[in-house]
Structure formats: C-alpha cells, structure tokens
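Residues or ranges marked as domain 'MARVEL' in TrEMBL: 19-158. According to TrEMBL, the feature transmembrane segment maps to 25-48, 69-91, 103-125.
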Amino acid sequence: GGGAYGAAKAGGAFDLVRFVQQPQVLTRIVSAIFALIVFACLVGDGYTSLPEDPRLFCIFNHNEDACRYGIGIGVLAFLACIFFFMVDVYFPQISNTTDRKYLVLADLGFSGLWTFLWFIGFCFLTNQWSWTRAEDVYIGADSARAAITFSFFSIFSW
C-alpha cells in the first residue's frame with residue numbers, strides 16, 4: 001500500500017521526468033493549452049466591427065455574453081490548471097492525509113464543475129454561432145470555430 005491518498009510515499013525526491021509522465025499532469029497541460037486557445041481566439045478575433053459602424057461587437061450573433069463566457073471560463077480554467085499543476089508538484093511532499101484528501105477532493109470537484117461549464121460553453125457558443133449571419137463576420141470566423149472546437153475538446157480533457 002501507498003497509504004491514504006499516497007501518504008506513505010510522501011517526502012521522496014522530485015523526479016521531473018517521472019512527474020511529467022503522470023497522466024494527470026499531461027491532462028492538465030493539455031487542458032491549459034485548450035483553455036489558452038479558447039481565450040486567445042475570443043480575445044484576438046472574437047470582436048469585430050462593421051465598416052459603417054466603428055463599435056466592436058462579439059462575432060457570436062452580436063451576443064456579448066457569449067464572448068464574455070468563453071473568455072471567462074478560458075482564463076479561469078488556465079489559472080486553475082496552473083494552480084493544480086503547482087499542487088501536483090508539491091503533493092508528494094505533503095504527508096498529512098487530511099490535507100491530501102482535501103486537495104484530491106478539491107481537484108475532483110473543480111474538474112467536475114469545469115467539465116460541466118465547458119459543456120455549457122460549447123453549447124452556448126455553438127448555438128450563437130449557428131444564429132450568426134455570414135455578412136456580419138468579415139474576419140474571425142476561423143477563430144470562432146476554433147473556440148467552439150477547443151471548448152468541445154476541453155469537456156473531455158477536464
């Protein structure tokens with residue numbers, strides 16, 4: 001046995017190669033990349049303007065909430081990945097089983113919540129994109145499709 005939540009293994013030396021090969025670390029890196037792509041696509045090309053009107057609007061059916069939601073969950077997911085990545089780094093050094101239990105449960109609960117939020121985001125962005133008129137999108141269509149695609153992939157990575 002590894003003890004409760006692996007506590008019997010606590011205190012060992014840090015091995016970078018072994019750490020990066022862990023499935024949860026690889027998945028967390030992939031999730032961070034997907035979140036960064038969604039965020040970057042929406043910030044970079046998610047807002048546009050018409051030639052006759054200089055005001056910016058969200059390319060998802062002029063619905064500002066769609067862009068804000070995608071940007072919001074993308075940024076928070078990226079920050080959460082960094083936080084849990086740091087937890088993964090320090091986790092082997094934690095010998096208190098209660099602390100380990102709470103960290104594991106927090107990771108599990110947050111991952112479940114974020115899976116649900118990515119699903120909502122995928123549905124919301126897809127719905128708004130389906131109602132978007134082609135003449136309203138001069139540039140940014142590929143970024144909108146990428147944001148939808150990577151929000152779908154994020155459902156599975158979380």
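Any Cβ shown, glycine's included, is placed from N, Cα and C.
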**Prompt:** Can you tell me how the residues of the domain 'MARVEL' (19-158) break down into helix, strand and coil by DSSP?
**Reply:** 109 helix, 10 strand, 21 coil
**Asked** Taking a Cβ cut-off under 8 Å, which residues six or more beyond the ends of the transmembrane segment (25-48) line up next to it in the same chain?
**Response** 19, 56-60, 67, 70-71, 73-75, 77-78, 81-82, 84-85, 88, 121, 136-140, 142-144, 146-147, 150-151, 153-154, 157-158
